[in-house]
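Comments concern the structure below.
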Amino acid sequence: MHYCVLSAFLILHLVTVALSLSTCSTLDMDQFMRKRIEAIRGQILSKLKLTSPPEDYPEPEEVPPEVISIYNSTRDLLQEKASRRAAACERERSDEEYYAKEVYKIDMPPFFPSENAIPPTFYRPYFRIVRFDVSAMEKNASNLVKAEFRVFRLQNPKARVPEQRIELYQILKSKDLTSPTQRYIDSKVVKTRAEGEWLSFDVTDAVHEWLHHKDRNLGFKISLHCPCCTFVPSNNYIIPNKSEELEARFAGIDGTSTYTSGDQKTIKSTRKKNSGKTPHLLLMLLPSYRLESQQTNRRKKRALDAAYCFRNVQDNCCLRPLYIDFKRDLGWKWIHEPKGYNANFCAGACPYLWSSDTQHSRVLSLYNTINPEASASPCCVSQDLEPLTILYYIGKTPKIEQLSNMIVKSCKCS
């Protein structure tokens, strides 16, 4: 009796292994590429809530500078975030909203229209104050998905310390003497003498509060970690009783003459170079008509779990390169920027692995044995994805949208 049971189990085991060696489909690269291209066509239209591409209109001779500025800022921000995630081995959140977000850029109002800078006599040595007028977006307060504060750190060759830890605070409206006057948001360690760079902070909660309560919009404060002492970021050492001034300089906030030596010609040249680097907010909003659809038919997506990936085997599951040229591959002329992008796709066989990391695949194979009508073999699917920013026209109106999960970065068997 025991021998029969053991034999039956071994037969079931062998059948299961044989079945699990099959993949979702035979590896036909041309077929995969054609399907991926058509999927991208539908994906873009779906995310924009369009049933068909916008009508072709003559492309504008010149795109307004402010539109290009928003597009460039959004694109650069996404690239920076992707680089940080890669360095920290992090992944894009799997609960990313499906539909495209509209992107709005709000520049910091100039202190002085002619210079957009604070004169040296107006300096606060330990902090800077930055304010934004977001009143135009109040009617869309409930549609806010993300808000980023971006400020360009300038090179300061005269800095007395090579690096500082700067902190961003939301300035609060004090109700009484015991109420807090600021709320911590984030901090960054910056190299004061190094080449300039953009700094980005997630300020979604603060901007959301401003949109709902206008009187609470008192701006942001860029401050030192410990102005009453000297903080050394390299070893987290604090030198007491030694006040430290803010040595980091910011475009659009600090006067050029305080960090630039030379004649007026040099100073004017530096100001011109930094003229497009005003501190600004990038707001990403889900339009109302997309928001309603999102609430009634919310898409649930699989979490990006760690899985076995066959990167170095030609026939097995791995990332395959695919560049999409909007005009050539999709026949579209209505997307102005970019002209195309590296969409990539996942393809290849998923051999069966008897390990603790692939229990999901094992269950699927056993289920397939019991229910052969079901398609339950492990498939090669995308694991890490990144968003894409596009600039397009509907008629003569330019629109900038962020499309989530458009660029495949890695694959897994599932």
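Cβ coordinates come from backbone N, Cα and C, glycine included.
The DSSP secondary structure for Cys318 (disulfide bond) is strand. Taken from Swiss-Prot, the feature disulfide bond applies to Cys309-Cys318 (among others).
According to Swiss-Prot, the disulfide bond annotation covers Cys317-Cys380 (among others). Here the Cβ of Cys380 (disulfide bond) has 27 other Cβ atoms within 10 Å, regardless of which shown protein chain they belong to.
If you look up Swiss-Prot, you'll see Cys346-Cys411 (among others) marked as disulfide bond.
The feature disulfide bond is assigned by Swiss-Prot to Cys350-Cys413 (among others), with experimental evidence given as support. Cys413 (disulfide bond) is surrounded by 27 other CB atoms, counting those within 10 A of its CB over all protein chains shown.
Following the DSSP three-state reduction, the secondary structure of Asn72 (N-linked glycosylation site) is helix. All chains included, 15 other C-beta atoms sit within 10 angstroms of the C-beta of Asn72 (N-linked glycosylation site). Annotation comment: Swiss-Prot describes Asn72 (among others) as N-linked glycosylation site.
The N-linked glycosylation site annotation in Swiss-Prot covers Asn140 (among others).
Marked as N-linked glycosylation site by Swiss-Prot on the basis of sequence analysis: Asn241 (among others).
The signal peptide annotation in Swiss-Prot covers 1-20.
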For Asn140 (N-linked glycosylation site), just count the other CB atoms lying within 10 A of its CB, please. 17
Using C-alpha atoms only, work out the spacing between Cys350 (disulfide bond) and Asn72 (N-linked glycosylation site) and round it to an integer in Å. 39
Spatial hits near Cys318 (disulfide bond) (Cα distance within 10 Å) out of the recorded positions Asn72, Asn140, Cys413 come to Cys413
Which state, by DSSP, holds Cys350 (disulfide bond): helix, strand or coil? coil
10 Å Cα neighbourhood of Cys411 (disulfide bond): matching recorded positions from Asn140, Cys317, Cys380: Cys317, Cys380
